[in-house]
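Q: The annotation domain 'Helicase ATP-binding' is assigned in TrEMBL to 313-480. Residues annotated as Zn(2+) 1 binding site in TrEMBL: C543, C546, C583, C586. Taken from TrEMBL, the feature Zn(2+) 2 binding site applies to C552, C555, C570, C573. What TrEMBL records for 578-735 is domain 'Helicase C-terminal'.
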Amino acid sequence: MEDLFANQYPAANSKNLYADIILPVPIPKWFTYSVGLDIQDQIGIGYRVMVQFGKKKILTGIVAKVHQKAPDVYQPKPILDLLDDFPVVNALQIKFWSWMSSYYCCHIGEVMNAALPSGLKLSTESKVQVHPDFDFDNPGFPMDDREILLLETLSKHDEMNVEQFDQLLPGKTSHKIIKSLLGKGAILVYESVREKYSPKTEQRVRLTSKYIKKEGLLESLFEDLKGKEKQEAVLLKYLQQVSVFQKPEANAKGLEKKVLTDHGCSPSSIDTLVKKGVLESFKVLVSRFEVPSVSDHGIELSPVQGEALQQIHAQFEEKNTILLQGITGSGKTEIYAQLIQDVLQSGSQVLLLLPEIALTTHLVHRLQKIFGDKMGVFHSKYSDNERVEVWQGVLKGKYNFIIGVRSSLFLPFDSLGLVIVDEEHESSYKQFDPAPRFQARDAAIMLSWMHQAKTLLGTATPSFESYYNAQNGKYGYVKIDKRYGNAELPHFFLADILQDKKKNLLKLDFTRLLREKIQTTLNRQEQVLIFQNRRGYAPYISCDECGWIPECEHCDVSLTYHQYQDELRCHYCGFKEKVPISCHACGSQKITTVGTGTERIEESLSLLFPEARIARMDLDTTRSKYGYQRILEEFSAGNVDILVGTQMITKGLDFDKVSLVGIVDADRILFYPDFRAGERAFQQITQVAGRSGRRDKTGDVIIQTRRPDQLIFRQIIAGNYNDFYRLEMAERKQFFYPPFVKNIKIITKHKDFKTAETAAKFLKNLLMDIAAKKIILGPEKSLIGKIKNLYLFEIWIKLDRSGKVQQFFKQQLMDRIAELQADKRFRMVRFLVDVDPY
Ligand code: ADP
Ligand code: ZN
Ligand code: ZN
């Protein structure tokens, strides 16, 4: 890509000025438009503009560069409109987007799409209206019922958009009808652009200032209002709430209209007073966020934490990035807080990334107490308006410190001093779909580098990538292996599932040891966490006679049984169906469930411990915005004895009363067909175990497995990350896995099996010819060979780690894909590129 900063400032009064625009379309380049005289003084990098794209489309784009070089190949169209008085994105952001698009092999328009909250993008919707020349009584052509319906509805409205017609006409036929009516000259279709962001406002009223300034005026007003009791009541109520004479500034702020009506004032009387000029009515913008009060919660580090902080400071002298490995409960949050405070005092911005805010309310509240309204929170479940508000808050300097999920990387920071990535090992930092398929931890390190800031990666169980970089000196490394207040790490027990099964001691998936431990914990009125890494009731159902398993109609997977709704569901496309009464293959009625999900564990527990209060936390119970919060609040209030959940419960929960953690099936985590399975098992089991016992209490952890002899269990129990790492890494090196190579996965998708396969084969052949050190595997049908009626084939590339090789190969790769897509046979094939896939 060209140099972003060349020719940034155009010469004054120049006539031929051009702007390169990033548009939200998947096309690998910037588009040059001409800049009209009227906006030449104003336009600059980061401004939003409206431009025509193609024949009809009007799009919002972002100015990436302003220059005087006319494109040689085409006559540029003019920019239609400049949308803002100030740039919404800065040059650093555009640089970051460019890096992301080239590193993750996607188009910069796709990055822009991910980066801008949709409230800042204008939506183009096709609008439809009746053609002014159209005569209903004399249409000049035969109309069918649907055409009549559409025209009649349309004539009652000034305009409608296509979406509204879709609701009107069954089966999504509206496009066809619109097209036919358009051809007959009965309607007009045009593009309309509307701004999506709607700031939240509040209606307020205040006393007109003359009543304060002129003495006696207010008294005579009351005389005038005699007999008009309702109006009098409004005025009295207002004066009671706002002491206008003592504090004229309070009157300037006025009072929310709603406060008056809430106190029984009549809205129409308020309006009358406004009309009379007694009260003034006005609107103010209000924040969507409650501002928490800063309490004087100081930060006081323990000696061990203070020592770690010293080391961090010292190592930042030489390294840009530090890995902080602190065991669960060591108090990493307090260390973060101290670092953040220092950086904020120096005037720089701070970003703290978290895998999922809802699961770390404890951490967020702690930091909110320290940083108050200087801190902005960027939640994954925020509405678009809320996102825009955080965006504007960063832009205008209201928030110097953001705590947020991975998309907060795109906020308009201009002077980051520190980026912290908490739980850096979390695989949810990786975005799967759509592009950009970025790893937020890695992207954070790049962003931080662009700002010349420092990065701190915090975790109890480092990712192999980060640990590798710490070991070879690229990152600094600081370790804390003591819990705060000397709380002890939990005791581990392995429970042998097969042994218990043989002795008939296994009841509803629970070994005797785990059942007994649960019972004693309940007896002590303490709490239990039960971890099962699969949601739903049972992985699938199956016919006992012939082995038939119901599968999704659209995907190549078996359907998961959800007992609560008594239905089968596809976890890939959302397809649902009722549970069949008899086998579709042989007609037998002996259909049973196989395997165990969270729903079934919950049921088993309620059978085994009928007196216990049980709750479940997984994707199915936490879909709503405050879903997590409700469950966590119930649990921390002590209204729940046993909480069952998926990996959601492995995250930063910190509850004093949890003294037992049970892992129902550790083998399920270990024997997953993926080179990261071991790493992930170590992390997940260690993390969930870390939830057991705090402060003065030592907790227990029970791991149920069919293979208690495995080495990894001993390493987890001993907390021996280093040993585990060394052995696993030897294998990764031998078999060419990351971090020793760079992986790139390419998926081809098409509704036709053969086409998807052929496209993948062709691509592989093209890739083989690229002169770069690499191994190419596949194409092979994906593990799930069909999703939503599209067949999937994948190619895996193991690429040399050197930056030069990668850059060259990726560029070639994108060119080859473009080449294939230009081929008629493969036009409809989708090529998904995933760099550093998980
Ligand atoms: P980690 O994130 O490293 O697992 P936390 O930051 O959650 O650990 O800390 C564990 C517990 O110890 C929390 O309840 C926290 O409030 C407490 N704690 C840690 N450090 C301090 C400190 N310096 N002062 C007071 N409480 C602390
Ligand atoms: Zn059958
Ligand atoms: Zn499906």
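For all residues, glycine too, the Cβ spot is worked out from N, Cα and C.
Automatic, uncurated: that is what TrEMBL annotation is.
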Q: Closest to C586 (Zn(2+) 1 binding site): which of the binding-site residues C552, C555, C570, going by Cα position?
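A: Among C552, C555, C570, C552.
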Q: For ligand 3, which among the binding-site residues C552, C573, C583 have a CB under 6 Å from it?
A: C552, C573
Q: Measuring CB to CB from C546 (Zn(2+) 1 binding site), give everything in the same chain under 8 Å that is also at least six residues away in sequence.
A: C583, A585, C586, S588
Q: What does DSSP call C543 (Zn(2+) 1 binding site) in the simple three-state scheme?
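A: It is in a strand.
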Q: Sorry to bug you, but what's the C-alpha spacing from C543 (Zn(2+) 1 binding site) to C570 (Zn(2+) 2 binding site), rounded to the closest Å?
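A: Distance between the two Cα atoms comes out at 18 Å.
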Q: Inside 8 A of the center formed by the CB atoms of C552, C555, C570, C573, which other residues of the chain have their CB, for the recorded Zn(2+) 2 site?
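A: Along the chain, the qualifying residues are E553, H554, V557, L559, H571, Y572, G574, F575, I787, K788.
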Q: Measuring CA to CA, name the entry from the binding-site residues C552, C555, C573 that ends up nearest C543 (Zn(2+) 1 binding site).
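A: Smallest Cα separation from C543 (Zn(2+) 1 binding site) among C552, C555, C573: C552.
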Q: List, in sequence order, the same-chain residues at least six positions removed whose CB sits under 8 Å from that of C552 (Zn(2+) 2 binding site)?
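A: Same-chain residues close to C552 (Zn(2+) 2 binding site) (Cβ under 8 Å, separated by 6 or more) are S558, L559, C570, Y572, C573, F575.
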Q: 10 Å Cβ neighbour count around C573 (Zn(2+) 2 binding site)?
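A: I get 16 for this one.
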Q: Would you mind sorting out which binding-site residues among C555, C573, C586 put a C-beta under 6 angstroms from ligand 2?
A: C586
Q: I want the residues beyond C543, C546, C583, C586 whose C-beta is within 8 angstroms of the mean position of the Zn(2+) 1 site's C-beta atoms, in chain order.
A: D544, E545, G547, W548, H584, A585, G587, S588, K590
Q: Hey, what's the Cβ neighbour count for C543 (Zn(2+) 1 binding site) at 10 Å?
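A: Here the count is 21.
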Q: So if I measure Cβ to Cβ from C555 (Zn(2+) 2 binding site) and keep only same-chain residues at least 6 apart in sequence, which ones fall under 8 Å?
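A: In sequence order, C570, Y572, C573, F575, I784, K786, I787, K788 meet the Cβ cut-off.
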Q: If you count the C-beta atoms lying within 10 Å of each candidate's C-beta, which of the binding-site residues C570, C583, C586 ends up with the smallest number?
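A: Among the binding-site residues C570, C583, C586, the lowest count of other Cβ atoms within 10 Å belongs to C586.
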Q: For the domain 'Helicase C-terminal' (578-735), provide the mean pLDDT of the predicted model.
A: 86
